[in-house]
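Taken from Swiss-Prot, the feature NAD(+) binding site applies to Gly99, Ala100, Thr101, Gly102, Asp103, Thr123, Thr124, Lys135, Lys144, Phe162, Leu163, Glu164, Thr165. For Glu177, His247, His261, the entry in Swiss-Prot reads Zn(2+) binding site, with the evidence type sequence analysis.
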Amino acid sequence: MKLTTNYNDNNYDIFVEYNVLNKDYDFNYYDKRIALIDESVYRLHQQKIDLFLNKHSIFKLLIPGGEQVKTMHHYSTVVEKLLSMHVTRHSCLFAIGGGATGDFTGFVAATLLRGIHFIQVPTTILAHDASIGGKTGINASSGKNLIGAFKRPDMVLYDLDFLETLSQIEKLSGFAEIIKHVLLNANGHISKSETVLEIMHDVKDEVCLSELHAIDKWITFGIQTKMKVVHDDEFESGVRKFLNFGHTFGHAIEFHHKLPHGIAVMHGMIYALLLSDVTESDIMSLMRWMHRLGLKKLVYDNFDIYYELMRQDKKNEANEINFVLYYENNGYKVEQVDVKRLRKAFERLRKLEGELL
């Protein structure tokens, strides 16, 4: 399927289908073409990737996989390497890997020579979210994505063949962001929302997720949701903040427990719903489904640990912790939440986790 962004200008195409890398593209506009490739992805898909690179005369540069590449050290190393290759502002980088590879490559493209071209080639489910919207960045010692820029890709080539080699944890982590996009489309009681019921029917359990049931349908849905939100608010001054649903507590969980991003966000979404006006029965229904998909119970530490991490979140304002919350009659809103309310929701979360079979 071909989707096209609907900004006022500088739009780009997003291709989502199996075997998309084998289609014909014209990259001759770019004087140099360099792919920054997650080395783990390259090992798993070397033949497929090499065919694409050779067909389009793209030089390959292997980089570490995952969040470990998003450091100032790797940034400066890659930038110096690219400068030694005499790239120009008409050159193009190809990000072949997951969301972290896209974040990193996009940030390099945004800052090198004050901006060169780049194309996203996502290889994970999670990257469906990161490949849309133009957010790029690397991490600082004190938190994720604290150094970054907005940079739109020229194109997104989403080849679903890459998803076949994902581990079950990677599939679940990526599917979490799709769940987020589904919940962002909810209205009224979550348990009665048509889209929520539909995804629960399509992907009932861990086996369905493992076999990637209807994955093209739900990745496309996630991309369309993200595109609509980003079109309305590209630079995160309003409704785009809703895309941070589940991320405030989720980032604290991710940082402290060293969990995959999406897994942490699943816990974060449940916590955010507990801060909202959603009924416990609706929340338990959602939790049970997430656990059928493979989400494991988390042994939480002291609340104060998570509270201090949440205080460092870059979405906060005036030292107040901001959360994206859901109200059944009014939809989503960004709200400052005080420590007493946060602590109470945390204790409820622990209680509900204990009640799960």
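Glycine residues also receive a Cβ, built from the backbone N, Cα and C atoms like all the rest.
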Zn(2+) site, defined by Glu177, His247, His261: further same-chain residues with Cβ within 8 Å of the Cβ centre: Leu126, Asp129, Ala176, Lys180, Gly246, Gly250, Gly262, Ala264, Val265, Gly268
Close in space, distant in sequence - Thr101 (NAD(+) binding site), Cβ under 8 Å, 6 or more apart: Leu36, Ile37, Asp38, Val41, Ile63, Gly65, Val69, Ala95, Thr123, Ala127
Rounded inter-Cα distance in Å - His261 (Zn(2+) binding site), Asp103 (NAD(+) binding site): 14
Per-residue Cβ crowding (10 Å cut-off), top of binding-site residues Thr124, Thr165: Thr124
Around the Cβ of Leu163 (NAD(+) binding site), the count of other Cβ atoms that are within 10 Å: 22
Cα-to-Cα gap, His247 (Zn(2+) binding site) vs Thr124 (NAD(+) binding site), nearest whole Å: 19
Cα-Cα distance linking Glu177 (Zn(2+) binding site) and Gly99 (NAD(+) binding site), given in Å to the nearest integer: 12
Distance from Glu177 (Zn(2+) binding site) back to Asp103 (NAD(+) binding site), taken between C-alpha atoms, in Å: 16
Structural state of Thr124 (NAD(+) binding site), classified by DSSP into three states: coil
Nonlocal neighbours by CB distance (under 8 Å) for Lys144 (NAD(+) binding site), same chain, sequence gap 6 or more: Glu67, Lys70, His251, Glu254, Phe255
Inter-residue Cα distance where the pair is Glu177 (Zn(2+) binding site) and Thr165 (NAD(+) binding site), in Å: 19
Conformational class of Leu163 (NAD(+) binding site) under the three-state DSSP mapping: helix
